[in-house]
């Protein structure tokens with residue numbers, strides 16, 4: 001018996017009007033005009049969205065094609081690589097080379113992959129963020145950063161030289177958040193047309209938040225100042241902060257980013273006393289940088305606890321960094337604790 005057929009979509013009760021929104025491709029074409037670097041940037045983003053559309057099909061099939069979480073190797077930092085990690089890397093590299101980018105830095109490769117010799121942009125990407133959630137139905141994502149390729153080491157530039165950045169969140173819908181330096185735009189993949197349609201423009205973070213996203217299990221390993229910040233938040237309205245806080249942790253930076261961009265909040269994944277966590281855990285070039293770019297465009301902030309992420313000059317391709325991002329007011333408050 002066929003349980004799912006080619007039926008018409010569910011009609012929302014009380015809100016059955018279909019949104020006829022501009023596609024991201026059309027927006028990028030208008031933004032790029034005849035500018036060569038902008039055209040190269042637009043083509044790179046389109047390639048990533050094409051890859052995201054293909055990747056989500058594999059994610060949605062779960063274990064049917066095989067085990068997406070099968071361990072197949074390790075990356076440069078000895079992090080375990082799953083089958084879908086490597087498959088995602090191969091997919092995006094193939095599409096970005098075809099789009100004419102100069103080089104690609106991926107979490108799943110030790111060194112940048114060479115592309116078109118005269119390419120104008122370089123793309124740093126985490127092909128599948130949150131792969132620890134593979135097979136669990138929990139959030140996954142793709143996150144990327146686009147730099148000008150006009151220097152010898154495009155991936156060792158500070159984040160303030162980014163041309164564009166974005167992420168794709170694979171959840172109960174496939175959502176895109178991106179910016180080309182003109183505000184944050186949200187879009188959603190229409191599975192029928194295969195196109196991403198813009199749903200919100202000029203997205204802004206709220207001025208205040210009571211939502212925190214962090215891994216509470218590592219609290220005992222945090223610095224004294226950070227432990228004090230967490231303890232004061234846990235005390236809620238009876239403590240020095242004078243209000244209650246909610247705690248969120250999705251186990252995928254893209255998932256937490258997407259929630260914070262919509263609802264507000266503050267995320268932190270900072271350095272702690274555990275071996276291997278002395279400088280934080282997230283990668284500066286293709287995780288912290290694009291998040292910081294988007295946070296800034298949405299009126300928020302992103303730091304490593306003391307320095308703006310976008311001002312940090314990477315020393316290595318896969319350099320790790322502490323990361324705090326979100327609502328500016330709360331980040332400033334955390335910063336006072338961080339330096340204690």
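Placed from the backbone N, Cα and C atoms, the Cβ positions cover glycine too.
In the record from Swiss-Prot, residues 126, 128 bind Mg(2+) 1; the candidate from 107, 152 listed for the same site is 107. Annotated Mg(2+) 2-binding residues in Swiss-Prot are 126, 129, and among 22, 207, 278, 287 the one listed with them is 287.
Using the Cβ center of 107, 126, 128 for Mg(2+) 1, the list of other same-chain residues with Cβ within 8 Å runs, in sequence order, 85, 88, 89, 106, 108, 125, 127, 129, 131, 142, 143, 286. Cα of residue 287 (Mg(2+) 2 binding site) to Cα of residue 126 (Mg(2+) 1 binding site): a span of 7 Å. Annotated Mg(2+) 2 site 126, 129, 287; additional same-chain residues within 8 Å of its Cβ mean position, judged by their own Cβ, are 107, 125, 130, 141, 142, 143, 253, 254, 282, 283, 286. Residue 126 (Mg(2+) 1 binding site) sits 21 Å from residue 215 (substrate binding site), taking the CA atoms of both as reference points. Of all the Cβ atoms in the protein chains shown, 29 others lie within 10 Å of the Cβ of residue 126 (Mg(2+) 1 binding site). With respect to their backbone Cα atoms, residue 128 (Mg(2+) 1 binding site) and residue 215 (substrate binding site) stand 20 Å from each other.
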